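What follows is a single structure, written as structure tokens, with notes after it.
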Amino acid sequence: MARTSLREILRCFSPVTPVSFSYSSSASCLSNPSRISLYHPSILPLQTCTTMKELCQIQAHVTTFGLFQDPFAASRILKASADLGDIEYTVLIFRQLSSPDTFCVNTVIKAYSAGPNPHLAFSFYFDMRQKGFLPNSFTFPLLAVSSAKSGSGPDGQKCHGQAIKTGVDEVMQVRNALLHMYGTCGMVYYARMLFDEMPTKDVVSWNSIIDGYVEMGDLVNARRIFDEMPEKNVVSWNVMIAGYLRGRNPGHGLKLFREMGKLGVRGTVTTMVSVVTACGRSNRLKEGRSVHGFFLRNFLGSSVIFETALVDMYSKCSRVDEARKFFDQLSERNLICWNAMILGHCIHGCPEDGLTLFEEMVGKGSSNKRGDTATSTEKMMPDEVTFIGLLCACVRCGLLLEGQNFFYEMVAIYDIKPKFAHYWCMANLYGSVGLIQEAEEMLRRIPERSESLLLSGLLGSCRFHGDVELGELLAKHLIELEPHNTSYYALLWIIYAVAGRRENVEKVKEKMVANGVTQPLGSSLVDLNEVVHCFKVGDRSRTELENTYVLMDELAEKLKLPKCSLYPNECG
């Protein structure tokens, strides 16, 4: 049977038929010789407009002189409002237009796609279609971006179907946008179908499909396509290196970076950030210093993102002293940079120094205790990542009262809602000082959907503290939650084996058989690694928590796992 093409599958995603044609096309508007230009004295100030107050003044002037009735002038006002990010005002202006053209509709769609509720772009689009709006090839990339940002695959399929019915689905710009959308929404199968059906592909097409596989964690296919690319640009290398980093294969990313250098491809700041982060995660201090020197020789100026990655790298390589010296010399610091240094102290260095630095950050302590050369002395508000570092410090030092105070301040003073990592740290803190009942009570406050993930983290800590009783208690609860998860049986098996309780080891195997779990436990630490890290790597699709993912690496380090178990592909 002949294979059905993606184009045929998505033809059904076109539910709207125009009922009227009141919207003018941009082409007809451009053909009007009487329109005003971008350099009209009343329109020219829009090119330097940076605030809504300035825009309102310009619009008032344009309206007073009767120029707002000119389609071109009105479209420029609309675009300026959209560029400033005021969606409500943009829609308000749009509603006042007597005959908006395609450019105006696309401008509003773009504003929605860049806003906090990108899915509203589709509601607006279909509303306009009912009123006779005729989209063009610039419309659908905007809708694809909206679908990608909202993570809505069904909306993306509607966008594709509409593009097919409009006859612009074969435009390269549209196809590339759809490729990116499918990959971002986790629909890499559709992305691959579209990619294979494309008679011509540019470098953006190749990069999009590679990124799609990277998003799905399929680095094998991503690398295969990367190697097949007829022409690569720096983005291609960045996507693949970052993919290895996200896939917990920092060594492969560094190897690819070296190949990149041999071919004479000059990286960007993004490349350097990924590479120095890979050095930190694989504990390659020598290579990290080399990357630092390479950046100083080849890049002018400073980069807060790269400097923050350096602080993180030196900390992870157990050179917190060097990280602090570099941190103290920074002329600019943002919250992420402060968090990186606080985490460095709290998890890799002296926890007390991390707590002191936190006081400096929020303005409770001196900002120049170490000869600080930074020019900014403004207070910095902490976030959820900051408090995870502080709670980790309390766990390391057994500071129960301080940990309780930090947890209280986070909620009552800074209005930060505790998440699974905070509950995990507090439970671990209670467990580390022998307050098992309090640890269990803290775990009961965890949202149900992430409960098993947190319990597994605490169970991993129990394995290293030798607390067999707590391990048994939590393992039974984990197995009740997920009776077919081999990792929980494996971790309890390791706890019993380390404690020398061979009879219980056999009972774990018997319980697995009774519950229908047939996968062998084996004798490696791979399953232990999965359990300890599952709450860190379990949901890489949530890009808005990327800073938290960096922190989860630190939490795993706190458990003092051997390097081989942290990076099974990097042993030796």
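Each residue, glycine too, has its Cβ placed from N, Cα and C.
The average pLDDT computed for the repeat 'PPR' (101-135) is 91. Taken from TrEMBL, the feature repeat 'PPR' covers 101-135 (among others).
Within its own chain, the repeat 'PPR' (202-236) is flanked in space by residues 172, 175-176, 179-180, 182-184, 186, 188, 191-192, 195, 242-244, 246-247, 249, 252, 265-268, 271, 540-541, which lie at least six positions past its ends and keep a Cβ under 8 Å from the stretch. What TrEMBL records for 202-236 (among others) is repeat 'PPR'.
Feature annotation from TrEMBL assigns repeat 'PPR' to 334-368 (among others).
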Number of helical, extended and coil residues in the repeat 'PPR' (334-368), per DSSP: 25 helix, 0 strand, 10 coil
